[in-house]
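Enquirer: Supplied in structure tokens, the structure appears directly below.
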Amino acid sequence: MKKIAVLTSGGDAPGMNAAIRAVVRMALYHGIEVMGVERGYSGLINGELFKMDRSSVSDIIQRGGTILRTARCEEFKTEEGRQKAANILKAYGIDALVVCGGDGSFMGAKLVSKLGVKTVGLPGTIDNDLAYTDYTIGFDTALNTVLDAINKLRDTSTSHERVSVVEIMGRNCGDLALYAGIAGGAESIIVPEKDFCKEDLCRTILEGKASGKNHNLVLVAEGVGGAGELAKYIENVTGIETRATILGHIQRGGSPTAADRVLASRLGARAVELLMEGKTARVVGIRENKIIDMDIDEALAMERTFDNDLFDVALAINK
Ligand code: ADP
Ligand code: F6P
């Protein structure tokens, strides 16, 4: 293993920079050259590569976003597109590629590995929607951003004795909403993994009001969506003034938390070790605080399990 490349792909996530830094520094430590690829697979196809040294990754561990930029690239979904990418890597003498992204990016990495390029994937997404790993890079930071927003919304909804409905990202995964609900003490958490009944929700809100609650926080995962309509429905049925807030892309930015920086550093370093061991088409992750790796296909085939126990805890203690 003489030369590797690193790229970030799909939606950005805080901690991607810490992952890039770990890959670059670990590779250089072992005498391996590193090229950075800008704009994900799209930059790879267009030959947007540059040589990275220690200083290329100085002063980035604390920054959100990704210094390599990121992109979504339709052309990479075609065989011709991936062949172009593999040719570019070969022309640069690159033996292996580290991809930080979500399941779509991993699928791309898997397919390009069939063209003779060794690949390893790092889980970079705020959604925490990859079944094979307990946590993804960016989830903890996004969670803390959501928590900060919820704390502020609680202040104003308490002052006005309102209901506050907050829509939280996560694609089809309810983890961000669930963890934010636990950490922020939300009265109701609505996620795609669990059925919910609007009538019951309104009944709970009215019971809360009757028992002396002067605010009510309802978190809705974007996989369920419709925060605006839900707020109108709640106001009509309960007669309590209700406001909706869609947190949006604010959840994707910000300086990564210590937990995300440490996770990204551990995963990035392990990715380089795997490549040095001659492994390919692997993804790295964390399970029970141990760094693990797995075949990409196996990882993508794993079915996500929702933490029903944690959801039940929230139901019991946040009511
Ligand atoms: P994420 O990696 O966060 O899941 P996307 O699903 O948007 O984000 O995927 C990021 C990129 O990975 C896509 O724009 C595309 O270039 C590549 N990709 C996604 N799915 C595939 C696929 N089935 N085959 C090849 N490349 C893919
Ligand atoms: O995958 C991360 C994520 O932020 C999801 O939570 C959200 O559904 C999606 O990306 C938004 O994508 P875009 O940045 O393209 O609007």
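Cβ coordinates come from backbone N, Cα and C, glycine included.
Feature annotation from TrEMBL assigns active site, proton acceptor to D127. Marked as ADP binding site by TrEMBL: R21, A22, V23, V24, R25, R154, G185, A186, E187, K213, N214, H215. According to TrEMBL, the feature Mg(2+) binding site maps to D103. According to TrEMBL, the domain 'Phosphofructokinase' annotation covers 3-275.
Context for these features, please: burial, neighbours, distances.
Expert: Summarising the environment of D127 (active site, proton acceptor), the number of other Cβ atoms within 10 Å of its Cβ, over all protein chains shown, is 26.
Sequence-distant neighbours of G185 (ADP binding site) (same chain, 6+ residues apart, CB-CB distance under 8 A): L217, N318. The DSSP secondary structure for G185 (ADP binding site) is coil.
Around the Cβ of D103 (Mg(2+) binding site), the number of neighbouring Cβ atoms within 10 Å comes to 21.
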Enquirer: How many Å separate the Cα atoms of D103 (Mg(2+) binding site) and D127 (active site, proton acceptor)?
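Expert: It is 11 Å, counting Cα to Cα.
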Enquirer: Report the same-chain neighbours of R25 (ADP binding site): residues 6+ apart in sequence with Cβ closer than 8 Å to its Cβ, ordered by sequence.
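Expert: R25 (ADP binding site) has long-range Cβ partners R54, V57.
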Enquirer: Whole-number Å distance between the CA of D127 (active site, proton acceptor) and the CA of E187 (ADP binding site)?
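Expert: Between the Cα atoms of D127 (active site, proton acceptor) and E187 (ADP binding site), the distance comes to 22 Å.
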Enquirer: Using only the residues recorded as binding ADP (R21, A22, V23, V24, R25, R154, G185, A186, E187, K213, N214, H215), report the maximum Cα-Cα distance in Å, whole number please.
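Expert: Per the listed residues, the maximum Cα distance equals 52 Å.
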Enquirer: Non-local Cβ contacts of N214 (ADP binding site) (under 8 Å, 6 or more apart, same chain)?
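Expert: Non-local contacts for N214 (ADP binding site): T158, E161.
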